Ligand code: SF4
């Protein structure tokens, strides 16, 4: 059993998806700190809407920069990829990479992401990227699959209880238009 003082930086894609990871990670004894870094989200009004829900979560949240130009540059050439394809791998690597860097800067021992709550997301792909980044930056990446044990269903239930806004597309403009 780890020391209960170990801190974990949780990359948060949106408040509803964060509900179950926060609960489960706290149960495992982690001190959870949120990190909202999602330059993929379009339009900017949607970004603000999702960001505005985070104060309903019972944790401290650090807000990364909103830099969509960087996201569009990195994913250029992959705009027509299907959801779950190469554009998503680049997008996830970008967001988790920034999380690993922030964890390193703050001296936080672990990092992981809420992204595996979604039934539309490939946990193996996310965990492989997270592990590689953890190795690169010398931070422990916590491999997780929060959709297990009915995690997604539970996240919807808690989101309703907290009256959280729930979006109907992943985030980028290409996932919105499909
Ligand atoms: S569909 Fe979601 S994960 Fe894939 S590129 Fe768009 S925002 Fe990123």
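Note: Cβ is positioned from N, Cα and C throughout, glycine not excepted.
Noted in TrEMBL for the protein shown:
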| type | residues | note |
| --- | --- | --- |
| BINDING | 13, 14, 88, 91 | [4Fe-4S] cluster binding site |
| DISULFID | 170-172 | disulfide bond |
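Structural mapping of features recorded in TrEMBL.
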residue: 13; record: [4Fe-4S] cluster binding site; Cβ contacts under 8 Å, 6 or more apart: 38, 95, 113, 114, 115, 171
residue: 14; record: [4Fe-4S] cluster binding site; Cβ contacts under 8 Å, 6 or more apart: 38, 50, 53, 114, 167
residue: 88; record: [4Fe-4S] cluster binding site; Cβ contacts under 8 Å, 6 or more apart: 81, 125
residue: 91; record: [4Fe-4S] cluster binding site; Cβ contacts under 8 Å, 6 or more apart: 40, 71, 74, 75, 172
residue: 170; record: disulfide bond; Cβ contacts under 8 Å, 6 or more apart: 40, 83, 118, 120
(message) Based on a Cβ-to-ligand 1 distance below 6 Å, what subset of the recorded positions 13, 14, 172 would you report?
(response) 172
(message) When DSSP is mapped onto helix/strand/coil, what comes out for residue 91 ([4Fe-4S] cluster binding site)?
(response) helix
(message) Helix, strand or coil for residue 14 ([4Fe-4S] cluster binding site)? Use DSSP.
(response) coil
(request) Compute the mean position of the Cβ atoms of 13, 14, 88, 91, which form the recorded [4Fe-4S] cluster site, and then list in sequence order the other residues of that chain whose Cβ is within 8 Å of it. (result) 38, 40, 92, 95, 115, 121, 170, 171, 172
(request) Specify the secondary structure state of residue 170 (disulfide bond) as given by DSSP, simplified to three classes. (result) coil
(message) Applying a 10 Å Cβ distance cut-off over all chains shown, what neighbour count does residue 172 (disulfide bond) have?
(response) 22
